[in-house]
Amino acid sequence: MEDLLTVAVAVFQLWMFVVVFFITLPAMFGLSLGVTSVYIQILVKLLEWATIRIQRGRQEQPSVPAPLPNGIIERAEGSMEEEMEQLRRSRSLEGGEFALSDALYFCKKGLESIVDDQVTQRFSSEELASWNLLTRTNQNFRYISLRLTIFWGIGVFVRYCVLFPLRITLAIIGLSWLVIGTTLVGFLPENSVKYWLSEVVHLTCYRICARALSATIRYHNKENRPQKGGICVANHTTPIDVVILANDGCYAMVGQIHGGLMGVIQRSMVRSCPHVWFERLEMKDRHAVTSRLRAHVAAKTKLPILIFPEGTCINNTSVMMFKKGSFEIGGTIHPVAIKYDPRLGDAFWNSSKYNMVSYLLRTMTSWAIVVNVWYLPPMTIQDGEDAVQFANRVKSAVACRGGLLDLAWDGSLKRGKVKDAYKEEQQKMYSRVIVRQNSISATHTRRDDQS
Amino acid sequence: MGSRASRLLREEEIEEIKKETGFSHSQITRLYSRFTSLDKGENGTLSREDFQRIPELAINPLGDRIINAFFPEGEDQVNFRGFMRTLAHFRPIEDNEKNKNPSATEPLNSRTNKLLFAFRLYDLDRDDKISRDELLQVLRMMVGVNISDEQLGSIADRTIQEADTNGDSCISFNEFIKASFVVNIHICTVVWFPFLS
């Protein structure tokens, strides 16, 4: 019995030694031992082999359909008028501006959206072109080969028994260091030493947390990094976005004060540097929120604010509507595009399906998180542009850089119904189609009267 | 961590649906996963709310009528077979299909059946006639508040006048077919990507 205890203690000591010296300390200095990149390379090779194997297996068993990330139907890109004309075969309609067959146009549009629509697919995880040996992404797996199953089994063992405990340890170290470090720094008086220390503490913790996810982050265009007094906007996929961005710079976070563990972390963070936390009631008052953010931005010495204008997590295949609130504050906007590699781990947080804890557990048992971050050049609102147009301009820039689809739909459609205004817009467009001929015939009659 | 499909589709069912609707094997499996992703209640049937959750359908002026077409008379739930049967109307028309089953009934996606689908959109009370009131109601759905009552009324009157041949001030299905003879019916198809056929 005592032997077992001493053995267990020795293993634990070795474990902590490895964790502290090989992972935590390098993380503090921003160095990397290169283990993660080797791991990722091995993984990518393995997944490529698995893809080929699965494709070969699919050819032998044609009953297994191939998943398609680009949608399943072709949709005509024409406007309502063009398609109606095609339907009516451009028959000139002096007798009736309206044709009974017009309903078929709406039918077709309706049925196309039932088969495959642009919006609902964004609120669930992206479908992969090929299986990546994780059970959770298994859409239509049929047994293909013994070797594949063996690799899957090894993968399960490695992920759950080797990587997961390591990651949990790191996460705990990272978060406790964040709380302790920021509280300690909070005791210092307001001077430049405090700010520097606060930066060090924040960066270290986020780097440790990134290691806890086996995250490989590639930053592009670092010269465009957000400056003090600016506002950083990015597309939102997961709460981990914060960790990803904060690995390369310090931001002032904006958000609601939560209870529990999150609340403890938030309260200690704000002691060392000015984050902007709101009470729940304050969040409803848009005016109060905007003025507080404006005050923060106006003090040019404060850290850049980090805002996610989509308002909710989207599955990283597209960028949805940027809410105009962030763009009314003023100041320079520094857009950032974040794109996760879906093969090695699904980063999207489907908040209707999983709560935060199960989401983190799933992420920590994936292969890894590989992410590309692009810093875009700063943008400001131009003359004659209102907040909505500015928001759309920024959104297009982010979508273009990140290789994401640019959608005008609102992310809050995840939970709510679409506004009636959009239906009214469709009805207006159709009225114009059938009334246009009417006004032409009316003009004819007027001319006849005059001549 | 559960899988999305609460139950997998059996091969016999796929074959039956293939025969009835003409969809290919891979199209049926794709549509089944679409069906299960829309089925939030996970009970194997879709309700009207499940359809309403699709934003592009919710903003369609005739969205409610299209959703209604999926549900048989008086029912509130549609299963996968019913779903496929309605979708089959919008498959492309193939001339060689008639040669395959000369004794079978007309395929769901024939020209006549596509026009019947449109006819049923107007025929609100399902009495096989489009009355002036029904036409006005559907017109009102399509144009919203942008056209006055009188103008809409005159459009409806003109349409009925042109189409009505037996003088009963209603449009029957045969009159509807005749009125739509110039319609480019091939527009009324949902075009699948080629490697899915």
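Using the three backbone atoms N, Cα and C, a Cβ is placed for every residue, glycine included.
TrEMBL lists B:26-61 (among others) with the feature domain 'EF-hand'.
Panel annotation: around the domain 'EF-hand' (B:110-145), residues 61-62, 64-66, 69, 73, 89-90, 93, 152-153, 155-157, 159-160, 168-173, 176-177, 180, 183, 185, 188 of the same chain, lying at least six beyond its termini, place a Cβ under 8 Å from a Cβ of the stretch. The domain 'EF-hand' annotation in TrEMBL covers B:110-145 (among others).
Taken from TrEMBL, the feature domain 'EF-hand' applies to B:151-186 (among others). According to DSSP, the secondary structure content of the domain 'EF-hand' (B:151-186) in residues is 22 helix, 2 strand, 12 coil.
The DSSP breakdown of the domain 'EF-hand' (B:110-145), given as helix, strand and coil counts, is 24 helix, 2 strand, 10 coil. Across the domain 'EF-hand' (B:26-61), DSSP assigns 22 helix, 1 strand, 13 coil. Per-residue pLDDT, averaged over the domain 'EF-hand' (B:151-186), rounds to 84.
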